[in-house]
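Database features, via TrEMBL:
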- Lys8, Thr167, Asp168, Thr209, Gly210, Gly211, Met212, Arg213, Ser214, Lys215: ATP binding site (BINDING)
- Ser48, Asp135, Asn147: substrate binding site (BINDING)
- 275-358: domain 'PUA' (DOMAIN)
Amino acid sequence: MQQRIVVKIGSSSLTSDAGGLNPAPIAYFAAELARLQQNGFEVVLVTSGAVAAGFSFLGYKTRPKLLHEKQAAASVGQALLMRAYQEAFHQYGIGAAQILLTRDDFTSRKRVSNATATMEELLRRGFIPIINENDTVSVDEIKFGDNDTLSALVANLLKAGQLIIITDTDGLYTDDPRKNKDARRIERVDEISDELYRIAGGSGSSVGTGGMRSKIEAARIAMRGGIPVFVGRATEPHDLRLAAEGNGRGTYFSAADHTLSIKKQWVGFHSVPQGKVTVDQGAENALLSGGKSLLPAGVTAVEGDFHPGDVIEVCGEDGSVIGRGVANYVAWQLQAVMGLGTGEIQRRVEVPRIEVIHRDEWVTLQAYRASQNT
Ligand SMILES: Nc1ncnc2c1ncn2[C@@H]1O[C@H](COP(=O)(O)OP(=O)(O)O)[C@@H](O)[C@H]1O
Ligand SMILES: N[C@@H](CCC(=O)OP(=O)(O)O)C(=O)O
C-alpha cells in the first residue's frame, strides 16, 4: 500500500513580512512534493498563506488584525495561492485541487465523510488536495486560526502514515530560538508534557500565527491517532524526502502506543458538546480508573438540551470537566431518572441502552487535552 503523507506549510515559509507570495518557495515545495509523489507517496498539502498573500494587494501595510480585514485579505490571497500552486504543479504534470474547511465542518460526521470521500477520490486520480481553512466563513471563536491543528485532524481523517509540519525553524527548541541564542533543539519527543507547552512560544514572524505551541497541539492530536509527526524546516532539494525518511532538520514526535479509535477521536477532538452532566465520586472513579460506563445512578445534575448521539461533557463533584462522551438519553429523560438504579429505570422508561455514556464512546479529558491551559 502507498504511504500517505500530509504536509503542512506555514505562512512564514511562503511569504515575507511585507506580504505577497514569494514565487521561489512555491516552486521549491511543488518540486519537493512532486518528488515525494514520484517516490510512491500519496501527498496531501495543508497550506497557510492566504491572508499573508492577499493583504498587501488590498492596500494594508501590515498583516491586518480585524476579522473582516483578514477575511477580505484571505479571499484575495487564497485565489493567488491556488493559482501559484496549480501553475507550479503543472510543471510536473500534477493536478491540484482546492479544499476549504472550517472547524464547524469537523463537528458534523456527514460533512467530514463528504470531505474525506472527495480527498480519497482526488488521491485515487493522482491529484494533490490542497487544504486551507475557509477563512471567509470562519469566525474567531470557531476558527482553527493557524493551520497546524487542521493538518493534524486531516491526517487523522485520512489515516496518514505521517504528518510533516514545515515552518521557518528547524524544529522545537528548549526556548524560542529567535529570542534565546542558547536554546537547544529537541530531536525527539515521545510524550507531550505540560513542560513542553511551557517552552513553546507564539509565532516569531509577523505573518505566522500559531507558533510552536499550536504545532505541539497538532502533534498531540496526530500522535493520539497513531501518526508520527515531524516539525522542522525544508529549504534545500530533497529536504522533504529526508524529513519523510527520518533524516530531516527538525523534531520528530513518535506515534502514541495507545491510540484513540476514530470514534473516540471524533468525540475528543471534533465534536462540540451539547450539554453537561455532573457525577458523584463513585461514578468519577468508575469512569477514570475502572474502565466502566456511566450509569444514571451516578449522575447528580443535568444541563443543556441534548439528544441521544450528542456529545456531552462530564464534570466531577467540584465542577471540573473530567471527560466527554456520547449520550444515550434525551436531557429531560436523564433528569427524570438520574440517581436511580437500573431496575427502577427499566420499570419507568424505555431506553435502548441503560448507560448514559458507554465506555466505548467515552474519552477522558487527559486523552484529548494534554494541558488544561491549552
Ligand atoms: N520553543 C520554540 N522552538 C522553536 N520555535 C519557537 C519556539 N517558541 C516559539 N517559536 C517560534 O515559532 C515560530 C514558528 O511558528 P509560526 O510563526 O506560527 O510559523 P508558521 O507560519 O510556519 O506556522 C518560529 O519562528 C519561532 O520564532
Ligand atoms: N488560513 C490562514 C492561516 C493563517 C496562518 O498564518 O497560519 P500559520 O502560518 O499556519 O500559522 C491563511 O491561509 O492565511
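A Cβ is built for glycine as well, from the same backbone N, Cα and C atoms used for every other residue.
Neighbour counts of Cβ atoms within 10 Å were compared for the binding-site residues Asp135, Asp168, and the top value is held by Asp135. Proximity to ligand 1 at the level of Cβ atoms, with a cut-off under 6 angstroms, picks out Asp168 from the binding-site residues Lys8, Asp135, Asp168. DSSP assigns Ser214 (ATP binding site) to a helix in the three-state reduction. Checked against ligand 2, the binding-site residues Asp135, Asp168, Met212, Ser214 give Asp135 as the ones with a Cβ under 6 Å from it, listed in sequence order. When the record's substrate-binding residues Ser48, Asp135, Asn147 are compared pairwise by CA position, the greatest distance found is 11 Å. Recorded residues Ser48 (substrate binding site) and Met212 (ATP binding site) have their alpha carbons 15 Å apart, per Cα-Cα distance. The CA atom of Met212 (ATP binding site) is located 12 Å away from the CA atom of Asn147 (substrate binding site).
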